[in-house]
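Copied from Swiss-Prot, the annotated features are:
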type: DOMAIN; residues: 56-367; note: domain 'IF rod'
type: REGION; residues: 1-56; note: region 'Head'
type: REGION; residues: 57-91; note: region 'Coil 1A'
type: REGION; residues: 92-102; note: region 'Linker 1'
type: REGION; residues: 103-203; note: region 'Coil 1B'
type: REGION; residues: 204-219; note: region 'Linker 12'
type: REGION; residues: 220-363; note: region 'Coil 2'
type: REGION; residues: 364-416; note: region 'Tail'
type: SITE; residues: ALA305; note: site 'Stutter'
Amino acid sequence: MPYNFCLPSLSCRTSCSSRPCVPPSCHSCTLPGACNIPANVSNCNWFCEGSFNGSEKETMQFLNDRLASYLEKVRQLERDNAELENLIRERSQQQEPLLCPSYQSYFKTIEELQQKILCTKSENARLVVQIDNAKLAADDFRTKYQTELSLRQLVESDINGLRRILDELTLCKSDLEAQVESLKEELLCLKSNHEQEVNTLRCQLGDRLNVEVDAAPTVDLNRVLNETRSQYEALVETNRREVEQWFTTQTEELNKQVVSSSEQLQSYQAEIIELRRTVNALEIELQAQHNLRDSLENTLTESEARYSSQLSQVQSLITNVESQLAEIRSDLERQNQEYQVLLDVRARLECEINTYRSLLESEDCNLPSNPCATTNACSKPIGPCLSNPCTPCVPPAPCTPCAPRPRCGPCNSFVR
């Protein structure tokens, strides 16, 4: 804090070449630290060698106490500043791992989980595509199965129709055979009747008539009937063989188609069974992948919640540390401002001390060379310098001119 002193008008000379210098015995300071303490000097004629009046001694003592307290306060502030710096350094060293925690392991775990999730998603997509392909293949096989089933039904209906035709032909054959048998019986009956009639006529006529008639040659009915029978039998046999050959051919073709259809049906059924097994296995694997995905999502959610809570705690800790650091910085700025104020006060005090020292030295140069003959402003002799009045005064040393000293720019005072 600045000191306000009432300084009297002082006439300071820059050189003391016109006056003798004060002897070395008279340049000694009467108070400890008086060379560095500003003094309240009223007039150059108020003091003489080794003597001050009471007000000047009290002022010097007061200024000495003030300067000592000021220096003690400066030392105390420097010690406090050093302690605060050490405390800040220790706090920064202690809280450095808290301010910069290592999340590399958590980041690696999160990256691994993300990679697993991506792999699971890709595997899930691949399984979905495979399931869709299996469904499409199953639909194709189902369509083929329906087509083959309709073809089989058509072939079975054709076989049933051919069987009905075969039954009809068999019935026709049996009817024709029955007609042939009836015709044979009728022929036999006609033959027997004819023979009986011939015999009867022979018996009636006897030997009475011998009629020779040139008649046309008789027709052998048996031969005609046999020929007709053979023709019909040949025709029936031909028709039968043709029908049997056609039926055999159709039956063989149908059997081949049935065999091929049954083989294809068995292969299709085996493929359908295999596809059903594959679909069941894929559904089980898909369910397992869904469960794994759900568990991974739950784990990720728990990890995110845990890490978010830890991050909030760390952020709150960082906020507290930043607030403490801001408070410490504000305290440091305030103490720095106080320290700057004290430095300014110290500089002003040093300037005043230098000014007072220059004034004291200039007044010391104005003292006479013989201190015993010095008189005060009232023209009253001041006692001898020595304590023993009988001891003569020692002649002073020869005067050495004082060299001019540089002055301080801001306060226009002498530099030590």
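In case you wondered, yes, glycine gets a Cβ from its N, Cα and C as well.
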Item checked: DSSP helix/strand/coil residue counts for the region 'Coil 1B' (103-203) -> 100 helix, 0 strand, 1 coil
Note to self: Return the average pLDDT for the region 'Coil 1A' (57-91) as a whole number.
What the structure shows: 87
Check: What does DSSP give as the helix, strand and coil breakdown of the region 'Coil 1A' (57-91)?
Finding: 35 helix, 0 strand, 0 coil
